[in-house]
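Taken from TrEMBL, the feature compositional bias 'Low complexity' applies to A:163-192. Feature annotation from TrEMBL assigns compositional bias 'Basic and acidic residues' to A:193-206. Positions annotated as domain 'Response regulatory' by TrEMBL: A:17-144. Per TrEMBL, 4-aspartylphosphate is recorded for A:ASP77. What TrEMBL records for A:150-206 is region 'Disordered'.
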Amino acid sequence: MEEMGSDCSSSGLQELHVLAVDDSLVDRKVIERLLKISCCKVTAVESGRRALQYLGLDGERSSVGFDELKVNLIMTDYSMPGMTGYELLKKIKGSSKLREIPVVIMSSENVLARIDRCLEEGAEEFLVKPVKLSDVERLRDFILRGEEKNEREFSRKRKTSDDSCTPASSPSSSDSDLPSSPISPISVSTVSDEPRPKRARLLDDN
Amino acid sequence: MQRQLANMKQSLFDQGYLDEQFIQLEELQDDANPNFVEEVVTLYYRDSARLIQNLEQALEKNPLDFGKLDSYMHQFKGSSSSIGAKRVKIECTQFREYCRTGNAEGCKKTFQQLKKEYATLKKKLEVYFQVARQAGPVEKACRPK
């Protein structure tokens, strides 16, 4: 019989840091548990504004350096008061500092136009709530593969010991603009060389 | 005790009080977190009490603000769905439909029904968790038939 609460350290899985954004207390508790079981570090916040604050994008200097806040994935609810998940997504994708962080939208409403809009804006995936453990595990594996690839590319770049560190030499994703400044070594990215299939899990019951 | 618990759960499913999501939550429990579902349900009842109150107040206004009502109910439906509260969720959907068509009577009637289901489920789950705590750690999710 498989032990559900498997020892994360012994499983050899790198711990991803996920920022979860949801105005619902209940949903935050559930997503937090889903992520912890999947061996992820979780920071759960209640709004888009708080999320931006945490990511250091609200104009104010965050007290902690970006390094420590390194976020590998953002999972956000769509319908939230104030700033919707879609608006948060746009802000993140519009930021040179943060745009490489994969963003997943969660919504209880299975609206095709909504899904399309989010995917077009750069969301990695659109999950219909309630989110399942299998969704989270699948996401984690996908992000981990991207991170591993990133690490390999980064160490390869370092070996060439070229200060200008031109992004053009690396197989970067076709949709990102080449930043004029050298890529920060701590930038999180799931840069991949093949087009990622945009998936949306559609509600099949109800 | 385990069997009693399994029977209770089966009954809750058969009568449509709970759906698959409840099982999903149970599967997140382990030795380190044996009462996770109870914690979530407790949180749900505590948090949604606020929404119930908002809805009560909003339903007393004249004329009704269907947009606001729908917004509250959307939130309520969301958390109800997250704990697998099937019957409550059904009432939420009905309520939202009445909001959409601007049916004030429909909203009020459905809200009364919703509160009944909400309260009934709370009682049943209280008993269920009581038994669960006595029964001790359960074998990995006994899925109801």
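Cβ coordinates are placed from backbone N, Cα and C, and glycine is handled just like the others.
No curator has checked TrEMBL annotations; they are predicted automatically.
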How many helix, strand and coil residues does the domain 'Response regulatory' (A:17-144) contain under DSSP?
55 helix, 25 strand, 48 coil
Give the number of CB atoms, excluding that of A:ASP77 (4-aspartylphosphate) itself, located within 10 Å of its CB.
26
